[in-house]
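Worksheet for the structure shown next.
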Amino acid sequence: MEQREIDEKFMRRCIQLALNGRQNAKPNPMVGAVIVSRDGRVIGEGYHVRCGEGHAEVNAFASVKPDDEALLRESTIYVSLEPCSHYGRTPPCADLIVRKGVRRVVVGCVDPFAKVHGRGIKRLTDAGIDVTVGVLERECKELNKRFITFNERQRPYVLLKWCMTANGYLDDNFSPTMLSTPVTQMLSHKLRAEYDAILVGRVTAERDRPRLDVRHWSGPNPRRIVIDRNRPFCPSADFSRPVIPQLFAWLHDEGVQSLIVEGGAETLSGFLQNNDWWDEIRVEVAAKTVTGGTRAPRLPDNVVQTRRDIYGDNVIIYYAKRQE
Ligand code: AOF
Ligand code: ZN
């Protein structure tokens, strides 16, 4: 096997480990680490379990058996995210790696967090360690797309989500459960448990009285937000500015890293107006057709389909922005 393939194999394992932090690592990113001895044996593994507790690297070093400690000097540590260089709730991982004396560090992607952002890598190279950055970078970024968007763009990762009939109408004339199936409803609730906040427009809030909580899955409820475009978002807001940038600024201050926008048509179209106001679109298409009602929002021209899942008569399609 070539070195690149070996690196990808162990980075894939890092991602797999990182995913164990899905529910509890928040608001920290999900991170996994693997330590491999010179002869290619995994001698340590770890992931970031819970915010406030040890980082992935700390847990990986702690898992190394006493008999294998001597191998560290000739080993490689793989980490899905750049090792940190700052004193946060825990001390810097880059310093720990230097102290442990590993020979090589392989990093999935750079940490977008301003206090780290390249400094962890610099600390390692300054200490004379061989550092490789960007192995399975796309996958590592995908893993923490919410954390990355929040830190890079100073706004939450935005998912626009709607359900429509086969002929393109929203479900406003039905109860929502009539279009989605028990399974797709459960998946919507799973998504809610994974996002920090969920938002609807005033009209939808008043007409549908949605609960916007997690009932058909288990996990924390997202924060529920209603916007009204005729009202300023926060008490000190400037009336002449659009609602969405105000909302983003406030959500960023509140540490909300991810947001689901669930409707109605006008609210969704508001977010679709500007390419910088959304990240992903999820459309559930039911087999039913109706005559009349509210047309579902039109997809922007620059979208690409990234996934298409079939659930009985319904299909869920995911779209992302085409990379320029
Ligand atoms: C790593 N490995 O496993 C994680 C990192 O408050 P703290 O000390 O937990 O630091 C949180 C920040 O550390 C977080 O914003 C992100 O930049 C980085 N997360 N870094 O080296 C890890 N979870
Ligand atoms: Zn760290």
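Backbone N, Cα and C atoms are what each Cβ position is placed from, and that goes for glycine too.
According to TrEMBL, the residue from Glu139, Glu142, Glu262, Glu266 that belongs to the substrate site alongside Arg192, Leu212, Arg215 is Glu262.
Looking at the residues that bind NADP(+) per the record, Thr204, Asp208, Gly264, Ala265, Glu266, Thr267, Leu268, Ser269, Gly270, the two CA atoms farthest apart are separated by 19 Å. The most crowded of the binding-site residues listed here (His55, Arg192, Arg215) is His55, judged by how many other CB atoms sit within 10 Å of its own CB. The Cβ of Gly264 (NADP(+) binding site) has 21 neighbouring Cβ atoms from other residues within 10 Å, across all protein chains displayed. With respect to their backbone Cα atoms, Arg215 (substrate binding site) and Thr204 (NADP(+) binding site) stand 19 Å from each other. Neighbours of the substrate site: apart from Arg192, Leu212, Arg215, Glu262, residues of the same chain with C-beta atoms within 8 angstroms of the site's C-beta centroid are Ser188, His189, Ile198, Pro210, Arg211, Asp213, Val214, Asn221, Pro222, Arg224, Ile260.
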